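What Swiss-Prot records for Arg46 is L-glutamate binding site, and it gives sequence analysis as the kind of evidence. As annotated by Swiss-Prot, pyridoxal 5'-phosphate binding site applies to Ala80, Thr81, Trp106, Thr157, Asp177, Gln200, Asn242, Thr243. Sequence annotations record features per position, and here Swiss-Prot assigns N6-(pyridoxal phosphate)lysine to Lys201 based on sequence analysis.
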Amino acid sequence: MPTFTHRIYNFNAGPAMLPTEVMEEAKSEFLNFRGTGMSVMEMSHREKHFQSILDESISDLRELLNLPSRYAVVYFPGGATLQFSAIPFNYLSSGDSCDFALTGVWAKKAFEEAKKFYPNVKSIFNGADSKYMELPTITDESVNDGAKYMYITSNNTIYGTRYKTFPKLKKAPLIADMTSELLSRKLPIEDFSVIFAGAQKNIGPSGLTLVIYDKEKLPEVSHPIPNLMNFALMEKNGSLYNTPPTYSIYIAGLVFKYLKRKGGLAVMEETNERKAKKLYDAIDSSSLFYAPVPVPFRSAMNVVFRSHNDGLDSKFLSLAEEQGFAGLKGYREVGGFRASIYNAMPEEGVDALISFMKEFERSNG
């Protein structure tokens, strides 16, 4: 593995790169946070300095997303996978059902976890039939009668697909795993009852999950809920029911301020769409590389591509790593390549990758 004395372009799907200026700010405050004489890592979660960090981060997030007051914002410990259990526990009672769109591995895992405890849950779409290259159009007619909610994964990191527009439902609340795209574009927030996201793509370090839910649509359920999965309990305690991942919350807060300085989600969406278009255009015009995802379903966060000559794959990855392009190997179950170009990936990183791909094709095509 090569060694570098400078920052490289990190295309890993997650944990992913953070904005350099956020890292620099965290570095400057690491040993002595704003005159406290200690690091945020050492700080009690019960004292005023951390409470200020927590409150500011939530306030900034609310501003970025234009959240109505009825929506709660809660930080949960652990990864988004914990919410695969927490959501059914909070929204289903014994005998209840809900609907899932199985658009990839993570939606399938969430479905299987819910079905362990609530055997009546249903799938309304199985993307395995198209090798997860397509997404459904979901309307009220798609949703089963009696479904307590409709669950989607908004962006699929493994396959490079996403919903360009979201379902607008009256029949059932919409719940979305947005781990790999939250804060990358504007959202019609009031169309969702729950949005959750692991932090490690666009928010901050791993080990933290953000849950946003409509308090008016949180039902009373007929069973006890484990404390660290209980939405109402965690919200009542201000994300401090237990010791939270304090440093991850601090970094998330710095990221939110960075996004505000950049102009908010409208600017991020414009930038991300431009980055993705550049890369897809380069792939589509290549005679060596190709993108397997149909245009209407292509993700702006995770650009999946392959080679017509898979005998060159290992050479491409090796040379890419040597030249400072990390994390381009595709997910282990699908192979090929994947460039994750989250908010923190600068446009010049995409431009540099395109130049490298073109040079590789000239030398090996």
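Residue numbers in this text run from 1 along the chain shown.
Yeah, the Cβs are placed from backbone N, Cα and C, and that goes for glycine too.
Swiss-Prot feature annotations superimposed on the structure.
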| residue | record | Cβ contacts under 8 Å, 6 or more apart |
| --- | --- | --- |
| Arg46 | L-glutamate binding site | Leu240 |
| Ala80 | pyridoxal 5'-phosphate binding site | Asp177, Thr179, Phe196, Ala197, Gly198, Thr209 |
| Thr81 | pyridoxal 5'-phosphate binding site | Lys109, Gly198 |
| Trp106 | pyridoxal 5'-phosphate binding site | Thr153, Asn156, Thr157, Ile158, Asp177, Thr179 |
| Gln200 | pyridoxal 5'-phosphate binding site | Gly14, Pro15, Ala16, Gly79, Thr179, Ser206 |
| Lys201 | N6-(pyridoxal phosphate)lysine | Ala13, Gly14, Ala16, Thr157, Thr179, Ser180, Glu181, Leu182, Met301, Ser340, Tyr342 |
| Asn242 | pyridoxal 5'-phosphate binding site | Pro77, Leu228 |
| Thr243 | pyridoxal 5'-phosphate binding site | His45 |
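In this record, pyridoxal 5'-phosphate is bound by Ala80, Thr81, Trp106, Thr157, Asp177, Gln200, Asn242, Thr243; the longest C-alpha to C-alpha distance in that set is 31 Å. Following the DSSP three-state reduction, the secondary structure of Trp106 (pyridoxal 5'-phosphate binding site) is helix. DSSP assigns the residue listed as 'N6-(pyridoxal phosphate)lysine' to coil, not to a helix or a strand.
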